[in-house]
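Features of the protein shown, as given by TrEMBL:
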- D185: active site, charge relay system (ACT_SITE)
- H260: active site, charge relay system (ACT_SITE)
- S621: active site, charge relay system (ACT_SITE)
- 92-150: domain 'Inhibitor I9' (DOMAIN)
- 176-660: domain 'Peptidase S8/S53' (DOMAIN)
- 740-832: domain 'Subtilisin-like protease fibronectin type-III' (DOMAIN)
- 1-23: signal peptide (SIGNAL)
Amino acid sequence: MECIVRVMSVVVVFGALIGGIGCQEDTDTSSATVFMVTLKQPPSAFHNSRPHKKPSHSHPFGYYPSGEANTLENPSFGNITRKGHHFGSRIARVHDSLLRRVLKGEKYLKLYSYHYLINGFAVLVTPQQAQKLSGRREVANVVPDFSVRTATTHTPQFLGLPQGAWLQEGGYETAGEGIVIGLIDTGIDPTHVSFADGLSENHYPVPEHFAGICEVTRDFPSGSCNRKLVGARHFAASAITRGIFNASQDYASPFDGDGHGTHTASIAAGNHGIPVVVAGHHYGNASGMAPRSHIAVYKALYKSFGGFAADVVAAIDQAAQDGVDVISLSITPNRRPPGIATFFNPIDMALLSAFKTGIFVVQAAGNTGPSPKSVSSFSPWIFTVGAAAHDRMYSNSILLGNNVTIPGVGLAPGTDDDYTLVSATDALNDSETPSDEYVNECQDSSSLNQTIIQGNLLICSYSIKFVLGQSTISNAIQTARNLSAAGVVFSMDPFIIGFQLNPVPMSLPGIIIPSSNDSKILLRYYNSSLERDPTSKKIIKFGAVACIAGGVEANFSNSAPKIMYYSARGPDPEDTFLQDADILKPNLVAPGNFIWAAWSSGGTDSLEFLGEDFAMMSGTSMAAPHIAGLAALIKQKFPLFSPSAIGSALSTTASLHDKDGGPIMAQRAYANPDLNQSPATPFDMGSGFVNATAALDPGLIFDLGYEDYFSFLCGINGSAPVVLNYTGANCGAGNVSGADLNLPSITLATLNRSRVVQRTVTNVGRNESYSVGWTAPYGVSMKVTPSHFSIAGGGKQVLTVFLNSTMNSSIASFGRIGLFGDQSHVANIHVSVVVKIAYNTTSS
């Protein structure tokens, strides 16, 4: 999962079950693989548009964006669900009939019938059989399945929710009410108090528009779902056909055997005011971004192997059919999709259909930064989120007897005085062999002499085995406890270079020194303080002493937010050849580093939090559900906002400065990231760091709908047959480039001499007058007209942007357009230009 920043990445695949597994015959899987097949006939979602239900209250600004035909405000699924189910069953029969005709007498295994967002199926067949299917006139696409990977107590305060967004809309007890957030992840622990529905006496009904179900299994018994957790399913057919599904670890149910899904769900919509107690220490009270929203879980990722696209697509399809309002995906593909453009892959195209039905889709950018073009979320209809540090940190340090202080990490208590340092390698029982290279990891107390260690600080080595999960901090802590040590100090193995450590909970005084150079300083002092018998060379006195400061108390920094080194960066790669797209990615950054959130009772993804109710994790996986929850708040206030309008409100109001008022910084290196940083660009942070309160009062929005994205896809050279295959519609005239989409940003992969682009803003506030200012990218001259305009509530204004290249350059440069209203609204539009080609001035 791309959630935890570790040396090893965890591979995950995605999938979704629409119906049961259909087994035609026992299939020989030796040469077979899973393919996703789409047909040209439209899916059921395109036959049954969701009708609008009139909002029970008047719209705050008396205005609904132009895309309202594609939006969902409390849609009634009463009749639609029955029709959709009937239609889906009929489509499944069509799929079965096609397979029987084409593969008559042959072995195959149909895993899923997709029918709501995509008309197609996943099937286990040989490459030869796949070729037969692709030759049928009713078949649009045959794509091999592929793997994917997964990419808060304080963040509500850091984002200003209690005094801002929550307060404006009635407080945390109503924040997100009536909105369903669908999470495609590793499942959920339904017993966690963060997902209980009895913590408030206020009325808490399941939204009428949601029609999902709760699977009941031995691991997920009846009663697991409630008015908070309104739906839960699991999808694993693609993994099962590969023979890699481990029922004892992965659970054939929505239960979370990993921890990642429970964590992300509680960030988005966990209950408010839940005490975070880990290793006996209290770290504050947790809350999701939209604590009153409902959660629907679609488990398609698993601890032991990750996930597959066939399962993920099925999960997306089911979530949309169930009626979720927001989809949160903390997953990314393991490779860039092949073909004419990165946008044409089964997941992104399923999400385009979800967008068409009015669902706001959030995806993690990926944890493959800080290199350029590392972002793994490609399409403009997906809101891509990078990870930033917030202002709360947990630091620890150790003061040596020679007055040298060494920084470290560890959510541990400190010592009340100086204690003698004893290395595990110098405290072996007489029967042990000193050459055992791993005995100093303190994993087994039977190897060590309690008489020597008792009452002292035990020094253990943090080696690669800790990174691989073969040795654990908890085992070392238990060893120290068994030997009556006063605490434990971990020195970093010199072979681990550039490794970044999350704070780790410890029930004893302790510290991990993450720097191998600092660890050498510690060991040099320790060894120089030893007294040995001149003859036997045995240690007769341990002379080194130290005091551990402790890392339980939080520190706060004004140099936040800061873009984390692992957060994937733009520009957005349009294809496997790394041509740049005219699309800004990521869209935004949100808190993703050191995030406290709920943890599954069976969660094994981080062994250091095994058995705990909460865990601290880092990654873009943690950033995405922050935005999913905040999107729920916007959807609650503006029930008929299109997905594009929600994304615009988040983007144009984003912050561009840290708490000190300086520029947001971006870490540029994996090793020593704080020593390698510079001001963030839009390719690091998108439009900036999310401003939750401002997003609920954006003033102006940039809106666009499905037809705009259809025209954009048709504008890609050679894309017409691919677009037809995926959408069932023919490209026509009037196609547009990415730069011409009405996005809240302007991105040009190439500015060849000059270019004119336009943007249309819509006023969702009261009548207001705006002035326009801008700064041009380096090497570009720019002008925006009009420079002033007045706009009525619900009105529209076209802005024309003239760009001229003044130099030849292939280095990206950035500018910005600011719209400043006389009622305090400000909208920022970032301008990014990569390649600049100027006029040949010498010939003229």
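Every residue gets a Cβ built from N, Cα and C, even glycine.
Note that the structure is a prediction, hence the values are computed from the model and not measured.
With DSSP classes pooled into helix, strand and coil, the tally for the domain 'Subtilisin-like protease fibronectin type-III' (740-832) is 1 helix, 63 strand, 29 coil. Under DSSP, the residues of the domain 'Inhibitor I9' (92-150) split into helix, strand and coil as follows: 19 helix, 22 strand, 18 coil. There are 35 other CB atoms within 10 A of the CB of S621 (active site, charge relay system), with all protein chains counted.
Taking CA atoms as the reference points, S621 (active site, charge relay system) and H260 (active site, charge relay system) are 9 Å apart. For the domain 'Peptidase S8/S53' (176-660), the predicted model reports an average pLDDT of 90. Here the Cα atom of H260 (active site, charge relay system) is found 7 Å from that of D185 (active site, charge relay system).
Same-chain residues at least 6 positions away in sequence with a Cβ under 8 Å from that of D185 (active site, charge relay system) are, in sequence order, T150, D256, H260, G261, T264, A265, V297, Y298, K299, A300, L301, S328, S330, I331.
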